[in-house]
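**Q** The structure under discussion is supplied below as structure tokens; questions concerning it will follow.
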Amino acid sequence: MTATKQHKKVILVGDGAVGSSYAFALVTQNIAQELGIIDIFKEKTQGDAEDLSHALAFTSPKKIYAAEYSDCHDADLVVLTAGAPQKPGETRLDLVEKNLRINKEVVTQIVASGFNGIFLVAANPVDVLTYSTWKFSGFPKERVIGSGTSLDSARFRQALADKIGVDARSVHAYIMGEHGDSEFAVWSHANVAGVKLEQWLQDNRDIDEQGLIDLFVSVRDAAYSIINKKGATFYGIAVALARITKAILDDENAVLPLSVFQEGQYEGVEDCYIGQPAIVGAYGVVRPVNIPLNDAELQKMQASAKQLKDIIDEAFAKEEFASVAKN
């Protein structure tokens with residue numbers, strides 16, 4: 001796409017709880033002028049397209065329809081939420097092999113359509129599937145993006161905001177690493193309206209050190225808590241995806257925590273996709289924002305990346321995946 005293009009087209013692949021919530025977010029936030037929805041359950045996509053179209057009189061004009069893979073050919077953005085859902089007691093990394101097979105089939109068909117836009121991946125394990133989308137598509141790394149730690153960082157900011165009594169939009173803090181159990185909080189750069197969190201807490205005494213540890217654990221494990229209560233998470237990630245979509249379609253050059261390709265931005269972290277802040281616009285990732293990590297944070301980044309890299313290497317050692325890799 002070009003930064004000045006007026007008609008912006010999104011194709012969503014995967015019309016489950018996350019996908020349909022994302023589609024709803026696009027409609028209510030007036031994002032994009034065209035939305036095609038693909039799923040193996042065709043009647044579901046037809047029903048959702050019809051249902052969503054009934055909201056347009058309250059929002060803004062938009063073409064919404066049940067799409068085919070051939071419709072991807074002129075899309076600006078393809079959003080991948082298709083995959084087996086995470087079950088109670090299951091980690092995101094437990095999903096690897098079955099969702100790699102789904103990812104391979106989906107990406108192959110999208111590329112065959114002539115698609116030349118940007119991939120945004122949200123299916124879990126998102127860092128692994130963003131990497132596999134890059135491998136299977138042959139696309140430049142800048143045009144394959146994962147939702148990464150966007151939701152985790154939002155949860156982190158909201159949790160801190162609730163504790164200290166400010167608007168979450170005034171809290172600037174990131175979760176980095178895997179979107180999953182090995183993620184970590186970048187405490188060294190967390191701030192409230194420009195005041196370092198450490199200084200803020202000294203001045204206001206809103207929470208002690210153990211409270212901060214407990215807060216991070218609640219953020220890291222939030223998905224498990226929600227899955228145990230209602231079976232799946234979808235509203236938060238849907239709005240996170242809508243935010244990323246807007247940044248891309250409107251060429252915002254926004255800084256967002258995403259799953260982006262690693263080629264030595266951090267010592268010992270290479271050839272994987274992992275969560276870190278990045279500038280994103282109409283052409284995908286403009287460049288990663290390499291927050292200087294302290295020694296403890298760097299070790300956590302390296303450990304998180306190693307866990308992902310080991311899984312990637314094991315998966316792509318298998319002929320069924322290695323044989324179709326283009327990158």
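Using N, Cα and C of the backbone, Cβ positions are placed for all residues, glycine too.
The active site, proton acceptor feature in Swiss-Prot is assigned to His179. The NAD(+) binding site annotation in Swiss-Prot covers Val18, Asp39, Lys44, Tyr69, Gly83, Ala84, Ala122, Ala123, Asn124, Ser147. As annotated by Swiss-Prot, substrate binding site applies to Gln86, Arg92, Asn124, Pro125, Val126, Asp127, Asp152, Ser153, Ala154, Arg155, Thr233, with the evidence given as sequence analysis. Taken from Swiss-Prot, the feature beta-D-fructose 1,6-bisphosphate binding site applies to Arg157, His172. Residues annotated as phosphotyrosine in Swiss-Prot: Tyr224.
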**Q** Does Thr233 (substrate binding site) have same-chain partners at least 6 apart in sequence with Cβ under 8 Å from its own Cβ, and which are they?
**A** Val18, Ala222, Ala223, Ile226, Ile227
**Q** Lys44, His172, His179: which of these recorded positions has the highest Cβ count within 10 Å of its own Cβ?
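**A** That would be His179, with the highest Cβ count within 10 Å.
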**Q** Whole-number Å only: compute the distance from the Cα of Ala122 (NAD(+) binding site) to the Cα of Asp152 (substrate binding site).
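**A** Distance (Cα to Cα, whole Å): 13 Å.
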**Q** Near Asp152 (substrate binding site), meaning Cα within 10 Å, which of Lys44, Gly83, Asn124, His172, His179, Tyr224 (recorded positions)?
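**A** Cα within 10 Å of Asp152 (substrate binding site): His179.
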**Q** Whole-number Å distance between the CA of Lys44 (NAD(+) binding site) and the CA of Arg157 (beta-D-fructose 1,6-bisphosphate binding site)?
**A** 35
**Q** In Å, how large is the greatest distance between any two Cα atoms among Val18, Asp39, Lys44, Tyr69, Gly83, Ala84, Ala122, Ala123, Asn124, Ser147, the listed binders of NAD(+)?
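**A** Per the listed residues, the maximum Cα distance equals 24 Å.
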**Q** Reduced to three states, what secondary structure does DSSP give His172 (beta-D-fructose 1,6-bisphosphate binding site)?
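**A** For His172 (beta-D-fructose 1,6-bisphosphate binding site) - judged by DSSP and reduced to three states - the answer is strand.
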**Q** Compute the C-alpha separation of Gly83 (NAD(+) binding site) from Ala154 (substrate binding site), stating it in Å without decimals.
**A** 23
**Q** Of all the binding-site residues given, namely Asn124, Ala154, His172, which is spatially nearest to Tyr224 (phosphotyrosine) at the Cα level?
**A** Asn124
**Q** DSSP secondary structure for Ala122 (NAD(+) binding site), reduced to helix/strand/coil, please.
**A** coil
**Q** Specify the nearest of the binding-site residues Gln86, Asn124, Ala154, Arg157 to His179 (active site, proton acceptor), where nearness means the distance between Cα atoms.
**A** Asn124
**Q** Check the Cα distances from Asn124 (NAD(+) binding site) to each of the binding-site residues Gln86, Ala154, His172 and keep only the ones within 10 Å.
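**A** For Asn124 (NAD(+) binding site), the binding-site residues whose Cα atoms are within 10 Å come to Gln86.
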**Q** For the binding-site residues Val18, Ala154, which one has its C-beta crowded by the most other C-beta atoms within 10 angstroms?
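**A** In terms of Cβ crowding, the pick is Val18.
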